[in-house]
Amino acid sequence: MPHSDHSHLDPLPLPKAELIALFLESLLFGVFLVLYSISIWILLSRDQRSGHQRSTVNKGMLGTATVMFVLAVAHLCFDVQRALEGFIAHGGTPTGTLDFYFQLSNPTEVTKSVIYVTQTLVGDAFVAYRLYVVYNRNPWMLALPCVLLFGTSKTDVDPSPLLDSTFATVVNVDAVAGYGVCYSLAHAEGAVFASNLRPWITSFFSLSLTTNVLATILLAGRIMWSNHKAKKYRTSYAAVTHWSVIETIVQSAAIYSAALISLLATYVAKSNAQYICIDALNPVIGITFTLIIIRVGLSETASTHSKGHLADSVGGAPSTLGTSQPYPLRPLAVSVSVARTHDRPSFDEYDQKADTAAEFDVDIDIESRVSPGS
């Protein structure tokens, strides 16, 4: 995205902000690189364990993660190239570096903006899809996020008076707003905080933030409700609660939303710190995506490991009744009530019959011994 003008007074100089942004982006890209490698290994090993061909979902996640990684690499490469050009090639004059970073129409600056917009739209689309999956593929859960997503992609506001009426009509109807603003910035002469650009850029950041905050609330609510329903069946609930908090933060993409809030706040404040936030967002979007893949993969591994121990303990094969993650259950106390009824008259009557039968047997025995022929 573009940078501020000379007249804008800021405690953080623009060249210094660019150096800090490059440093932070490099660190976050390193994190993204590690997480991307782990997520790819999880996706590929999952298919090998199942013995089936790669599923459509795995192909989609693999492709999305790869697209995000390529975009993050390209963005970092352009930042490095711009730093070399700005601080070395143009650093020989007092204002050479500042003049270089101030050029909004520089091809590398425009390309960086295109990469950022693409990464943002990919991340927002994934958030909407994840919401759809978590709510059992309920199509109604896609309604509002999709409206906000397409609102991010389209605009009814002319991004710049420099655009002619024909192109403005295309932008207002079909074009992606981010790419439209990139076009307008490539032909603009002024600051990123200029009055003709400020409303449009603010709306772009705001709609993206709204999409992610809404999805975060809905996802967190779903996870917390599921944990609440399973609470009474689990042991060591305190430990499970702590993990649930982490799980909620990761799966609801709160990290991404926090980064967007920082970006919007610094831009509204007309601070050069916004460049640090916007450069860091590219790897953060990929980090959020790969963390979800790793979280699911670790859950499946733990589930398989637990089933293997159960099979060893009973001397049989692992259970295949389901693929859900097992939860340890609390011991259940069973109370059994036993009622005894003594029917004394019935026992007395039985004893009398038994005595009579015994006397009758004795009489028969005596008569058989004292017979006429004896």
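Each position is counted from 1, following the chain as shown.
Glycine residues also receive a Cβ, built from the backbone N, Cα and C atoms like all the rest.
Note that TrEMBL annotation is computational and uncurated.
The annotation transmembrane segment is assigned in TrEMBL to 20-44 (among others). Within the same chain, residues 58, 61-62, 65, 69, 72-73, 75-76, 79-80, 83, 275-276, 278-280, 282-284, 286-287, 290-291, 293-294, 297 sit at least 6 positions outside the transmembrane segment (20-44) and bring their C-beta atoms closer than 8 Å to a C-beta of that stretch.
Residues or ranges marked as transmembrane segment by TrEMBL: 56-76 (among others). Long-range contacts of the transmembrane segment (56-76) within its own chain (CB-CB distance under 8 A, at least 6 residues past either end) are made by residues 25-26, 29, 32-33, 36, 39-40, 43, 46-47, 112, 115-116, 118-119, 122-123, 126, 279, 282-283, 285-286, 289-290, 293.
Per TrEMBL, the feature transmembrane segment maps to 200-225 (among others).
Marked as transmembrane segment by TrEMBL: 245-268 (among others).
Positions annotated as transmembrane segment by TrEMBL: 280-298 (among others).
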